[in-house]
Amino acid sequence: MRSGGGCSGSLSLRGPASFKFSGVCPDSRGLAFSVAILPAKKEDFMAELYRVLEAGKIGIFESPTGTGKSLSLICGALSWLRDFEQKKREEEARLLETGTGPLHDEKDESLCLSSSCEGAAGTPRPAGEPAWVTQFVQKKEERDLVNRLKAEQARRKQREERLQQLQHRVQLKYAAKRLRQEEEERENLLRLSREMLETGPEAERPEQLESGEEELVLAEYESDEEKKVASGVDEDEDDLEEEHITKIYHCSRTHSQLAQFVHEVKKSPFGKDVRLVSLGSRQNLCVNEDVRSLGSVQLINNRCVDMQRSRHEKKKGAEEEKPKRRRQEKQAACPFYNHEQMGLLRDEALAEVKDMEQLLALGKEARACPYYGSRLAIPAAQLVVLPYQMLLHAATRQAAGIRLQDQVVIIDEAHNLIDTTTSMHSVEVSGSQLCQAHSQLLQYMERYGKRLKAKNLMYLKQILYLLEKFVAVLGGNIKQNPNTQSLSQTGMELKTINDFLFQSQIDNINLFKVQRYCEKSMISRKLFGFTERYGAVFSSREQPKLAGFQQFLQSLQPRTTEALAAPADESQASVPQPASPLMHIEGFLAALTTANQDGRVILSRQGSLSQSTLKFLLLNPAVHFAQVVKECRAVVIAGGTMQPVSNFRQQLLACAGVEAERVVEFSCGHVIPPDNILPLVICSGVSNQPLEFTFQKRDLPQMMDEVGRILCNLCGVVSGGVVCFFPSYEYLRQVHAHWEKGGLLGRLAARKKIFQEPKSAHQVEQVLLAYSRCLQACGQERGPVTGALLLSVVGGKMSEGINFSDNLGRCVVMVGMPFPNIRSAELQEKMAYLDQTLPRAPGQAHPGKALVENLCMKAVNQSIGRAIRHQKDFASIVLLDQRYARPPVLAKLPAWIRARVEVKATFGPAIAAVQKVSPTFFFLRASQPRDHISHCLLSAQFHREKSASS
């Protein structure tokens, strides 16, 4: 459909009845969707989504949590896909019936619906060409198009027939299983009868086989035709599966969010018909218990690949002697990596919607790998559900078999899309890792050097040279123990990529070729296997030379009791040890191939070489997002809180070359009644102290006292849970100590039991559990303590992914504006990059300055959005800083909050506004009964997955 075109299909808006989607009209809001209960706001959401997909736009959609965003995405996107496929079939039927294709001067772009039409009809002809030549070329193009459509239609018909057979096969599966069991019982009875006859008094016993001779006995023969009949696989199946139909890739951040989305698909009107497949990591989908027990993601990945390659390499010579087939089945040591069984798993996964847990159970039952089986289902799937880290990383995307050409991508929970893309492609390596990798590689060459070919030796020596120069640029010596090396110069140095290559004296090495060699040879995996097998042999050598090697081997062993007893630092607890230092360094080498203007290298020289680091900082995340936008038909970026949208427009879309006209914004209001939320901006405190928590003023005693007094007053009128966010952990500790010293903490404790967010990720769930239990107890006991106060940190463990719905968060307080550290070298470099790259809009701040404000407001929006989580929820939001009253700042709040904000110049009217609504807003209104403890724990699951993925 072209933007501004006419209507296609009947259009109508009805009441809360069951609808049938039948078309779209861009100049009308009349759309009917297949969903039983559909609020008007959700109709607008789905109608706009449909238009974005039809017109091939880039959409930024905001729909607050609890407003039915997932269901709207499902119904809007799948309705478009269904209509798209229907129009494609109708157009193909018309072309096949008439035997002619569309000419180049036809205006309706929707006639050429398939990628197979590209380059067929409509080829511009040179000026002055004879008419008969033009007519001949057009006729030939039309015939070619019709022939292609016939072939495509035949393939689609075969695929649909096979999928119908698959659905029928799933229904007959258990009946066939019972027949197999009966057959096995019959065979067992026959075998027992033969044994009884053979063991008779006059029976002649066969000669006892010697050890090893069992392998010489012929196994039961089964022909290829019998296997084919048993599995239902025909010769053309591979060809059918290779064709990627038009599909929707739906991405989200965590596996739990994806599972929830799949559950919503099952409940939707499309649940019985859509072909859906869920993709995940090996850690989530592996069914081999020996591999799963390794725990670490990298260890699981290494072992999986090694098990696939080991037997294949051993039997490579024997396979070459066999008659070559069109596609040979790989030999694999893993019993679940069986192509025939994985094909069956693929078929059953497409027959009906399954989430990841069901896919895992199916893999165990069928003894097939769900990780690879799910990838086999991608071509025929209509809806592919996957973590968006898998989509944004080009190598992972290619390895998974994901093809984005002319497809639709929907990225849900996309508020952290820029940060995730940046962190995925930013790499930091330590001096200790560089020395460990160098020592391992030297030992590997000593062991196998005589068996290696010249080209292998050449690349290994280049890698050794690179490692040596990386250590040298930090000021260390590769031959000495990194833990005992003290650096003469300390501090941080930031360089462009080219300057770093020149300073390191590695500008003469082709890093692209080295990166390719590492990928193809899998040297890091082989090196890790080498350290596992022979680490003990080399541990007897002198300590200084092999310190890095031994330290790596020791890191693989369980920690000692003393180490476990020591308090773990937050960064150490959240970052797992890599399986191989070289594997991590390969990521750094790949990052150095980025364009010079898109990244920087930060040299951080600490006291010792082992603590010093080299970090690649990606400045332009759009360079990795541009390929997605370029290939896809349409891209939708959706989330509960997408403000400030200018962040996405500038850093992600404008830098990716997306024209402003192609970007469509849509913000959906909240479904809660207007009086269910009370957002306040308080400009001065109880003692009329102006509230402006700048870096220079926030440490003043009177400012910290004002926060305490305001909280005391709020806790006196708000029943239930109060969550107060501070800009940083350090400031929270400082304020807490000041309150304790001045007595304000005791006054607060008399009204609310006080909880404090832990810095360790492992203690978050415990604190949340105690907090929710305290609120439940206070609700049952009418005493002086009316609830609990949770002191949290913006950007911490509880500002994202934890839902403070209902009584868990009746009031959310934001202390100050949580601006990022402006003195950070990384932030300053990003600001400078944006100032140089993006133009300054008239009347707007410089792009670099706007970035700082956007980062602040994004953190604020994520924190205050924790309170309202469903339609019948209610809470107050208090922003303690007069800077929130500025129009440019208010404009970056979510629309549903911004429309209801009340700015109070003094504290008196503010607390009066809270007191005015208190009798009905907090005490008398009955909220929906919910299990706060289980809800808190489910919310904490998001944080566990987030920590694991990081």
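Just so you know, glycine gets a Cβ as well, placed from its N, Cα and C.
According to Swiss-Prot, the features are:
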- S63, P64, T65, G66, T67, G68, K69, S70: ATP binding site (BINDING)
- C286, C304, C334, C369: [4Fe-4S] cluster binding site (BINDING)
- 191-208: compositional bias 'Basic and acidic residues' (COMPBIAS)
- 308-323: compositional bias 'Basic and acidic residues' (COMPBIAS)
- 28-464: domain 'Helicase ATP-binding' (DOMAIN)
- 191-213: region 'Disordered' (REGION)
- 220-239: region 'Disordered' (REGION)
- 308-331: region 'Disordered' (REGION)
- 412-415: motif 'DEAH' (MOTIF)
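The average pLDDT computed for the motif 'DEAH' (412-415) is 86. In this structure, the C-alpha atom of K69 (ATP binding site) lies 31 angstrom from that of C286 ([4Fe-4S] cluster binding site). Other than the site residues C286, C304, C334, C369, same-chain residues with C-beta atoms no more than 8 angstroms from the centre of those residues' C-beta atoms, the [4Fe-4S] cluster site, are R282, V287, N288, V291, M307, Q308, F336, Y337, Y371, Y372. Around the Cβ of S63 (ATP binding site), the number of neighbouring Cβ atoms within 10 Å comes to 27. Of the recorded residues, T65 (ATP binding site) and C334 ([4Fe-4S] cluster binding site) place their C-alpha atoms 43 Å from one another.
The DSSP breakdown of the motif 'DEAH' (412-415) into helical (H, G, I), extended (E, B) and coil residues amounts to 2 helix, 0 strand, 2 coil. Counting other C-beta atoms within 10 Å of each candidate's C-beta, the binding-site residues C286, C304, C334, C369 are led by C369. When Cα-Cα distances from C304 ([4Fe-4S] cluster binding site) are compared across the binding-site residues S63, P64, S70, the shortest belongs to S70. In the three-state DSSP classification, S63 (ATP binding site) falls within coil. Summary: among the binding-site residues (T65, S70), the fewest other C-beta atoms within 10 A of the C-beta are counted at T65. Cα of S70 (ATP binding site) to Cα of C334 ([4Fe-4S] cluster binding site): a distance of 37 Å. Look at C334 ([4Fe-4S] cluster binding site): DSSP puts it in coil.
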